[in-house]
């Protein structure tokens, strides 16, 4: 789906169409969710609407038993896994939260249903030598503007831990004059500051010299060859092309740089609260998952270095 907004089909009920629009606006404007997240929530809602039409249920009169029936239907027809169930339930809870706020329903029927918590996967990150290999790689066209941009983009991703949607929406006027600090708008429209190291600043400075001459009026920092802002899909494509040129089997994704950023900070002794702030996590528990990665590295060092551990 990439950056392309999901389009709801036109339903027979006009109130249904208006309700869907209110929900999408809430996700987009108030929650500041990425387009990919909005697409996923939209598809979840589409499934639910279709189920309600099929069963002749009124969206505004739904009971908890109807929500249970819906998930039983999904499990039987689509065989969705636990992770998908949890997200679809989250979508419905958010949807009815909006309806409740608009006084369109009396209660939220989705709050009375729960699934066992999905175990969070340990994030995958690059090893230090892998990160260096990606950053130091130079293609045959290293002097081209697009290559200079790509190098700056990768340095920024690793130096700051930005989410990909934060990267593509980053504005030039939110960047400090010395290029070391950037103000970003993250999830839930939460503002935070991220910081760039020497390598990122140097690469960014080189890229901006070209970018500002070619497209001085553009708002976003990272642009395509037509002067339009890069899309999240475009960033993923660029990284995948770099992977191919390097001859790598491993994937290179924006989120992997974010994971590596967090893990490397914790490995170096950074306070977890500071890492939480830099990543823009609202909950410390989200950041704590990186500790398990860091602990595994410590165990590995111990096993290799301690005389008795090697026996």
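Note: Cβ is positioned from N, Cα and C throughout, glycine not excepted.
The shown structure was predicted, so the numbers you read here are calculated from the model rather than taken from an experiment.
The domain 'Core-binding (CB)' annotation in Swiss-Prot covers 14-100. Residues or ranges marked as domain 'Tyr recombinase' in Swiss-Prot (evidence: sequence analysis): 121-303. Per Swiss-Prot, active site is recorded for 163, 187, 255, 258, 281. What Swiss-Prot lists as active site, O-(3'-phospho-DNA)-tyrosine intermediate is 290, and the listing cites sequence analysis.
The Cβ neighbour count for residue 187 (active site), using a 10 Å radius over every protein chain in view, is 16. Residue 281 (active site) sits 9 Å from residue 187 (active site), taking the Cα positions as reference. Among the active-site residues 163, 187, 290, the ones whose Cα sits within 10 Å of the Cα of residue 255 (active site) are 163. Under DSSP, the residues of the domain 'Core-binding (CB)' (14-100) split into helix, strand and coil as follows: 73 helix, 0 strand, 14 coil. Considering only the active-site residues 187, 258, 290, residue 163 (active site) has 258 as its nearest partner by CA-CA distance. Every protein chain shown contributes to the tally, and the Cβ of residue 163 (active site) ends up with 20 other Cβ atoms within 10 Å. Taking the active-site residues 255, 258, 281 in turn and counting surrounding C-beta atoms within 10 angstroms, the largest count is reached at 258.
All protein chains included, residue 290 (active site, O-(3'-phospho-DNA)-tyrosine intermediate) registers 26 other Cβ atoms within 10 Å of its own Cβ.
Across the domain 'Core-binding (CB)' (14-100), the model assigns an average pLDDT of 86.
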